[in-house]
Amino acid sequence: MALVLTEEQSMLRDSARGLISDKAPVSHLRHLRDSKDPTGFSKEFWHSFAEMGFAGLLVPEEFGGSGLGFVEAGIVMEEIGRTLMPSPFLATSVVAASALNRGGNAAQKSEFLPKISNGSLLATLAIDEGAKHRPLQTSLQAVRAGNGFKLSGAKALVVDGHVADLLIVAARTAGSAGERDGLTLFLVNPKAKGVAVERTIMVDAHNAARIELANVEVNADSVLGEVDQAAGLLDGVLDIGRGAVAAEMVGLSDEVFGRTVEYLKSRKQFGKLIGEFQALQHRAAELYVDIEITRAAVMKALQALDADVAKAASSVAVAKARAGTTATRAVQEGVQMHGGMGMTDQFDIGFFMKRARVCEELFGDANYHTEQLARARGY
Amino acid sequence: MSDSETADLETFRAETRAWLEANCPPEMRKPATSDADVFWGGRNAKFSSEPQRIWFERMRDKGWTVPDWPKEYGGGGLSAAEHKVLRAEMGRIGARPPLSSFGIWMLGPALLKYGNEAQKKEHLPNIAAGLIRWCQGYSEPNAGSDLASLQTRAESDGDDFVITGSKIWTSYANYADWIFCLVRTDPAAKKHDGISFILFDMTSKGVTTKPILLISGYSPFCETFFDGVRVPKSHVVGTVNRGWDVAKYLLQHERAMISGMGERGVGRPLGQIAADSVGTDAQGKLDDSMLRGKIASFDVDEAALAACAERAVDLAKAGQAHPAFSSAMKYYGTELNKRRYEILMSAGGVDALEWESERSKQGARPRAWLRTKANSIEGGTTEVMLGIVAKRILDLPGA
């Protein structure tokens, strides 16, 4: 498949860009942050997102969704990355919807997927426990109790965890931390007894929570997929999330870069536009090339996910690793080339730097994914 | 793409796969490891092995030395989509290019765009069939990065130009049959405006070449001297004094070719090569964690570059490519290839230092390592490439 957008995909990008840049520019994030908005995103805007068919973008049409693919989800993520809009799209529409669609039984799908599509249900995956993304290190315990399970343990960096109506919790039903066998996914109602949700205000003013579960009782119907055998399902769902975050980072990098190049063309020092200085020209050119290469790698990964999620791991590792190093470079050059202005809160560039840092940690940073590639290649 | 086009393409894929399976000799399905493994064609061409000859002749007979050139000029007449399929299928079995040629990579595309019908008919079929080997007369002792300041003169004399001057870094000039050459036809004009692009036979009276010994111990480049070489004016490609347009267009193809040096998906992965010499721990990880990290980062960048190269081709087909993008690829691909060889030298350790032994294949690795240092110089330095990106793509002021 050609690594360029089709006509339909270009139209999707244009409509997503139009909507997002109009209704949720960076000032939207700034307002949510400064007003200490209790949800941290705009419910009203989420409903218009749903009306456009974006909330259920990946959901099959039989469950009220648009039935589109990961390339299309990446297109929306890239536009979200351009304005840093806090949105349930990643956690609900990409990660949770994929988990339910790929792992859910008929009853689970028909209960939750239509509500995701119409924007009435927010859901999220609770996976990380330690400071770094290490899915196999999951140690949150689920022990059998009667007809169901009791869950105990803690989760960190649960995206949208403070507003989610449904938690998809990775737990250990057997084995010990580090092992692939013995992982199980559970659908947990955050209002259930024993669930404590603490919203964590993050550096990027986006939304996340820490969640503690103390003997939370769930019944057997709450298992998503197979007991003890969630590792395969998780691999796919996490790779989908990684591809989506990588696409967000491409949008973010491209936007920061565009703003920086404009600044190089307008800021004067020593009687010259600073963009006339070769020291800055070459750095800008290097960054441009980095972004274009990463853009291609991310597109390749999203196409690989569309072709076969189970075979996309290496492409996704390359994409997320590249997206991490590229975005980190883009935001650092963005602040540096904006000089003192780049350090001010009044200027938007800092928001991009903060969001890039969070995206880097989401679903594994560049080091993590580089390591994954080395392992896959057997050295 | 319509369903019937997709079906046709899948038929083409199946047929191509079967044909390659039946016709590509097993010896031609592994990466070239020495100069003898590469067939350059030309009047004095010699095949280094029987499989090399068979593979070349079979591909030539299908027009697949130049799969996407029109059939009337000796090409395969494949569509862009078919060409991509052929490349993918050749890559799948690790098939070597049957013919390496500056005629294919550089002159051909320029002739297709700027040549007149007589020139296309005279030269393109000979390139496709590997009958004529070309070299490139661009750089001069005082015109390297600042190529347009070249001084080789072509003075009008009746129906001919008389060419006097010298070129440097002329790749394989001593083996070439013909040269495509930049000459100054109007010394009074501004430097970009008085240049012509001209073709002539290297056996013409007044042409001499002298190989330059490089740090690798090899001499892939020559100094080339022209002492009153008489060339018919009909050998000018495009318009007299507008040769810079042709030169730039050709450079885009040259840069695309050189950037390809950084993406060699075929052959053993670096991690495995390193494991042989460095060793591994109980879990099979390289016994040098810093080197392992460098290799893994390299692998990430190499895979990403390969995606970008694929995308560049797709963008060009879709008419969405920026004409200067080959400069971006050239910069990154060559820097990446230098990284590859720094890693290979580090991984090889003491074994990669031998220069002459049989064991080291006459120092193949250190010589190749040193050769790569030219990648970011030839065809426009990294700094020139970044300048082009800054000016033509980013539109930065004064670049």
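Cβ coordinates come from backbone N, Cα and C, glycine included.
Just so you know, TrEMBL annotations are computer predictions that nobody has curated.
Quick look at what TrEMBL lists:
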- B:7-130: domain 'Acyl-CoA dehydrogenase/oxidase N-terminal' (DOMAIN)
- B:135-229: domain 'Acyl-CoA oxidase/dehydrogenase middle' (DOMAIN)
- B:241-394: domain 'Acyl-CoA dehydrogenase/oxidase C-terminal' (DOMAIN)
TODO: Could you put numbers on the helix, strand and coil content of the domain 'Acyl-CoA dehydrogenase/oxidase N-terminal' (B:7-130), residue by residue per DSSP?
DONE: 79 helix, 0 strand, 45 coil
TODO: Using DSSP, break the domain 'Acyl-CoA oxidase/dehydrogenase middle' (B:135-229) down into helix, strand and coil residues and give each count.
DONE: 6 helix, 51 strand, 38 coil
Task: Overall pLDDT for the domain 'Acyl-CoA dehydrogenase/oxidase C-terminal' (B:241-394), taken as the rounded mean - done: 91
